[in-house]
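J.: From TrEMBL, here are the annotated features:
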- 16-149: domain 'Nucleoside phosphorylase' (DOMAIN)
- 400-564: domain 'Nephrocystin 3-like N-terminal' (DOMAIN)
- 675-749: domain 'GPI inositol-deacylase winged helix' (DOMAIN)
- 885-917: repeat 'ANK' (REPEAT)
- 918-950: repeat 'ANK' (REPEAT)
- 951-983: repeat 'ANK' (REPEAT)
- 984-1016: repeat 'ANK' (REPEAT)
- 1017-1049: repeat 'ANK' (REPEAT)
- 1050-1082: repeat 'ANK' (REPEAT)
- 1083-1115: repeat 'ANK' (REPEAT)
- 1116-1148: repeat 'ANK' (REPEAT)
Amino acid sequence: MTTTTQPRSHQDYTLGWICALPKEQTAAKAMLDQIHPDLPKPSNDENTYSLGSIGEHNIVIACLPKDTVGTNEAAIVAAQMLNTFPSIKIGLMVGIGGGIPPEIRLGDVVVGIQVIQWDFGKAGMDNRFERTSTIQRPPRALRTAVSKLETEHDMHGARIPQYLNNMKKKWPKLAAKFGWSESLKDPLFDSLDSGIDHNHSTMASSKTSMGWLNIVPNHTWIGYLKGPLTLGFLTSTDPMKTDTKSPTNTQRNPGETQVHYGLIASGNQVIKDAKIRDNINESLGGKVLCVEMEAAGLMSFPYIVIRGICDYADARKNDDWQEYAAMVAGACARELLEYVQPSEVDRERPIREILSQVHDDIGAVRSILNKKEDLEILNWLTPIDYGPQQGDIFRRHQPGTGQWLFESTEYQTWLNGNQVLFCPGIPGAGKTVLTAIVIDDLITRFSDSSPVVGIAYIYCSFKRNHEQRFEDLLASLLKQLSQNQATIPETIKELYHKHLGNRTRPSQEDIIEALRSVIGAYSRVFIIVDALDEYPESNGRAKFISELFHLHDEYGANVFATSRFIPQISEKFKNHTAFEIHAHDEDVRKYLDNQITQSEKKLLQNHREYITTEITRVVRGMFLLAHLHFESIRYKTTLKRIKTALETLPIGETAYDAAYETTLSRINTNDTDPEKIANQALWWIVCAKRPLTTSELQHALAVEIGEPNLDEENLPEVQDIISLCAGLITVDEESDIVRLVHYTAQEYFERTWEKWFPNAHVDITERCITYLSYDIFGSHSPLNNYPKTTFKSNILYDYALQNWVYHASTSSIEITPLVLDFLKSTTGVSAYNQAVSTLEGYSAYGQWPPKRVTGLHLAAYFGLHRSAELLLTETPTDLESQDDNGRTPLALAAWWGHNKVLQLLLTKGANLETKNNDERTPLLQTVIQGNEEIVNLLLDSGADMESKDGFGRTPLLWAVWWGHDKVIKLLLEKGANIEALDNDDRTPLSWAVWWGNEAVIRLLLDYGAYLEVKDYDGQTPLLWAAMKGHHGMIRLLLEKGADLDAKDENGRTPLSWAVWWEDEKVIELLIDKGADLEVKDNLDQTPLLWAAMKGHDSIARLLLDKGADLEAKDNNGRTPLALAIQWGREEVIKLLLDRKADLWAEDIHGRTPLTIARNSKVMTRLLMERVSITSST
């Protein structure tokens, strides 16, 4: 095996080889004559390629992602390969499969003359399924080669053993695993020889006397198969049964491989059942030789499929034969290619061109690819989804209520025109439920109009303020309106790719521009926003309302908004229609009537009219109050008690507070277990950092402080918790979240929680720590050995892990004996570390937590100032302790921005220059985090700002790397070295250009950064800008005086690299600025020569139009025409001949373009045609 470094481009590769498994890819690479260097690929291509050649064929090998199989994945890999390597004309799918006995043996090879997708079809008559999906015919060059291969095998046998022997010599490490071994036993034929019956019944010892069972195909398998498919159960239930008829041609030598040609059945399911396998075979006429899982994904692609047989697709399925089967399949593919003539491949059309004509099938493949990217883009915009909330709220509405809104003139005018409708209302009037009804009405009304009509909605919530900033709300509207389109709008894709590469988020202006663009694609757009009063002014409420008005004024968007009566909000809507929301008596009566019916209590039902009338009378348009009042009498046991309660119902502005007060007083009347559970449930719901699920709340209430394990017999029932809380809490069914019944309840508890729950945060802290310290989390070692089931069954761990410190910090006393014991305890700290390191979804922790850590590390990490102070008093030696990542408590406090703890540690004399395992000081680590305040504190405390880590990077270099402009400016003002070099000889300016951060570049240039600094490859910032395609940066650097024709170590200039990367905008910009068109690199290649070699015809035309020398020569004396012919660049050749390129120009070996073309019939024909045309004119 040799490795070639001869330069090739994507257009040079004409054969694509796809594998499903890494072992198949290994076998494919082992068959190559040469391995080629990697080539760059587009950012949206997720494949990884191996490049090489067999004979004159340049081959691209790609493998499906690890642990993924199936037809869709194969289609994605193939589609991306064809996009990156557009000249591929022949395709192979090579790997392993299951054979159909008895003709097919383990270790045999099946060449798929025909491939059918057995699980894809349509329903026919009598519920039978007809197969509709078959693979495209392979290219003629492959089909003729297969014919010759079959003939050669008939006459001389396969040359597979020869290739396996060559493989053992070239790759001796593969021999044991991928070669033939006596340990490879065929279970089917071994069982025949030994007389074993896998059904444990007596089998004749003689093969010849034993009869094979005939299995009648009467199966339960339901799939999309051609021919009748009856229902019922197979009469023989032997799970190991493979035999369908007497074996033929059984006399073979061990390791002897036969190649078969015929039908392969492909589908999306692993077949491990002989019954299913035989059913598929019979449904396809009994002609199936092999079953597998990927080839059907290439139905639109003219490929040929080759499978090595590794099992019989039955219950005996195992991995023993897979490597050998993969290698014999690869050897067969290699032998096939020896009969494929390069000249015949030249005549084939690229597969990509063929696919462009197969609109339906390729559209399905593109849909798979696009859908995947679309979801990534939409979730990148915002992960917030208001759909579940809409479902929960709408589910709670009483059918038949709210009709008065739909029948109103205001709503009908809004619906049928381009209007803004503002619906204010008192607290608890039912605004949110009415909003859900409106959204459902719009979705139902315009369901047939999508994507002509766009609908987007937002539920503002005081609990979600952290994720409801101005840009968050706009991003949500953008996401909803984008996802309703057939495909993500190009505007959104451009925004995504622009920021993804720079690791930035779109600005408010970016989102506004994109939103306006997307809205413009609809004929009508409805935007619904509920509870503007719960969206704080500090988050940008006024700005958001202004943008809603702009979308209405400029783009005709219908806007529907609700709010309590807040003067600042009402003032904003004063020029638009307002329609007050309040609970209509009819709706209240319907609600109460339904509640009484559902209660099934005869006392309530016997006095239905009285109860309904009295509650409706006092609620005065407040739906929530009707709910609270009904809950106050729901469990009364006598009519007198009901009357007494109804006669004292609170009314007016203070009604809610009075209702909540009454409910809580009732709950706290007795110090019994039910009342304790109710109180604990309320303080968890009120004080929790985030909403809790029902299961999390159950576990929280079951915790017994200080106990080593959770007693599951102590878990309360969800319905009991709800009942005990007397209507103050509710469960959103779709999201399973427990929450307070209304915003007014949250407001009430925010004002009064210290009265009702004075020790809530202390209790929650201790319950969290108890949970974290359970024995089950200390019983596994090493740290990464926690089974995921441990966390799935201990549901509160996730919440306790993330939030115990919040509760500890919020409580009036940060330290309790339990907290301190936990921080000091080796067991507690170890258990904590194990959990964090194992739980999924904690990427924010970086390398934390390590194995070796002290309580002081934890106190510093979480910012527990008083705990850190006490721990330092008890164990002052921990001040300089390092975890196994080398981090000290000081480094952790700095990283997480805990100013008070950091100052404490500095006061105690902590070392500022202790380096971690990456050779980074606390300052270096903090710069990466971008915390300007902490960086300044460390610098003022004497931290070395020129300290370098293992990459040779200083704090300034890392600040530039991450784009922290405020930190950069701070470091520069403190005198940081602006020309500091890292291990790659790159300065801050080099990295700023690399990341495309124009603001940072300007800042560095303002502080005098050197423009012509060269890194280890001799590349200047301008060279990097040209290579990366940063147009704005190129202009900026040139304005500042950068050398337009600076050369790197290969003699390449910015123009040369721009040509290489086919960036016409950059090329035009550089030429217009005066770049030298004839500058030569170390190979004497001009930009035009590079364009000719790489086949960039549009760029070659641009260079020629700008005056490039048509007859420039490289160090071998080759002209652009000679290089284009040598590399087979037809479009460039035509262009150069049209420009009168010299056909007789000789290189240093005396070859002319005509003599070079003799090696290719296509090139010769092209030149003769062009010469003939030229002569005739």
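Residue positions begin at 1 at the first shown residue.
Using the three backbone atoms N, Cα and C, a Cβ is placed for every residue, glycine included.
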J.: For the repeat 'ANK' (1116-1148), could you work out the same-chain residues 6 or more beyond its ends whose Cβ comes under 8 Å from its Cβ atoms?
T.: 9, 11-12, 346, 1088-1089, 1091-1097, 1100-1101, 1104, 1110, 1154, 1156-1157, 1160, 1162-1163, 1166-1167, 1170-1171, 1174
J.: For the repeat 'ANK' (1083-1115), would you mind checking the mean pLDDT of the predicted model?
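T.: When the pLDDT values over the repeat 'ANK' (1083-1115) are averaged, the result is 94.
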J.: Six or more residues beyond either end and a Cβ under 8 Å away: which residues meet both conditions relative to the repeat 'ANK' (1017-1049)?
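T.: For the repeat 'ANK' (1017-1049), the sequence-distant neighbours (Cβ-Cβ under 8 Å, at least 6 residues beyond its ends) are 989-990, 992-994, 996, 998, 1001-1002, 1005, 1011, 1055, 1057-1058, 1061, 1063, 1065-1066, 1069-1070, 1073-1076, 1079, 1081.
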J.: Where else in the chain does the repeat 'ANK' (885-917) make close Cβ contacts, counting only residues six or more beyond its ends and a cut-off under 8 Å?
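T.: Here the qualifying positions are 847-848, 850, 854, 856-857, 859-865, 868-869, 872, 876, 878-879, 923, 925-926, 929, 931, 933-934, 937-938, 941-944, 947, 949.
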J.: Please indicate, using numbers and ranges, the residues of the same chain that are 6 or more beyond the repeat 'ANK' (951-983) and have a C-beta under 8 Å from a C-beta there.
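T.: Contacts of the repeat 'ANK' (951-983) (Cβ under 8 Å, skipping residues fewer than 6 from its ends): 502-504, 923-924, 927-928, 930-932, 935-936, 939, 945, 989, 991-992, 995, 997, 999-1000, 1003-1004, 1007-1010, 1013.
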J.: When secondary structure is assigned with DSSP, how many helix, strand and coil residues does the repeat 'ANK' (1050-1082) contain?
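T.: Summed over the repeat 'ANK' (1050-1082), the classes give 16 helix, 0 strand, 17 coil.
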J.: Summarise the repeat 'ANK' (918-950) by DSSP state, stating how many residues are helix, strand and coil.
T.: 17 helix, 0 strand, 16 coil
